[in-house]
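Asks: The structure under discussion is supplied below as structure tokens; questions concerning it will follow.
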Amino acid sequence: MQVSVLITLAVLGVMFVWTSAAELEERGSDQPAWLKSLERIFQSEERDCRALYGGCTKDEDCCKHLACRRTLPTYCAWDLTFP
């Protein structure tokens, strides 16, 4: 039974690589389709600044009067300044 499971997984892996190569050739692109779709998802969610409690890596990621708190998880919080 273990051998048949391994053979099945190997066949599925080969089929995945084969279909990915066929799709890549069909589109004429240098990136796999799944990578392009992930790239589109992340690009659509980019904003000029992060709102309150939004994820950040540095203070510039956050909107005005917010600062990046470096406790895990990092988030944008009020920097105690007034407009």
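Just so it is clear, glycine is given a Cβ too, placed from its N, Cα and C backbone atoms.
Model, not experiment: these values are computed from the prediction.
Got these off Swiss-Prot a minute ago, pasting:
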{"type": "SIGNAL", "residues": "1-21", "note": "signal peptide"}
{"type": "DISULFID", "residues": "CYS49-CYS63", "note": "disulfide bond"}
{"type": "DISULFID", "residues": "CYS56-CYS68", "note": "disulfide bond"}
{"type": "DISULFID", "residues": "CYS62-CYS76", "note": "disulfide bond"}
Asks: Could you work out which of the disulfide-bonded residues (CYS56, CYS62, CYS63, CYS68, CYS76) has its C-beta surrounded by the smallest number of other C-beta atoms within 10 A?
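Replies: CYS63, out of the disulfide-bonded residues CYS56, CYS62, CYS63, CYS68, CYS76, has the fewest neighbouring Cβ atoms within 10 Å.
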Asks: So if I draw a 10 Å sphere around the Cβ of CYS49 (disulfide bond), how many other Cβ atoms end up inside it?
Replies: 13
Asks: Quick one: Cα separation, CYS62 (disulfide bond) versus CYS56 (disulfide bond), in Å?
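Replies: Their Cα atoms are separated by 7 Å.
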Asks: May I ask which of the disulfide-bonded residues CYS49, CYS63, CYS76 is closest to CYS56 (disulfide bond) if we compare their C-alpha atoms?
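Replies: Smallest Cα separation from CYS56 (disulfide bond) among CYS49, CYS63, CYS76: CYS76.
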Asks: Given CYS49 (disulfide bond) and CYS76 (disulfide bond), what distance in Å do their CA atoms have, once rounded to a whole number?
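Replies: Between the alpha carbons of CYS49 (disulfide bond) and CYS76 (disulfide bond) there are 10 Å.
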Asks: Reported as an integer number of Å, what is the Cα distance between CYS68 (disulfide bond) and CYS76 (disulfide bond)?
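Replies: CYS68 (disulfide bond) to CYS76 (disulfide bond), Cα-Cα distance: 5 Å.
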Asks: For CYS76 (disulfide bond) and CYS63 (disulfide bond), what Cα-Cα distance in Å is obtained after rounding to a whole number?
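Replies: With the alpha carbons as reference points, the distance is 8 Å.
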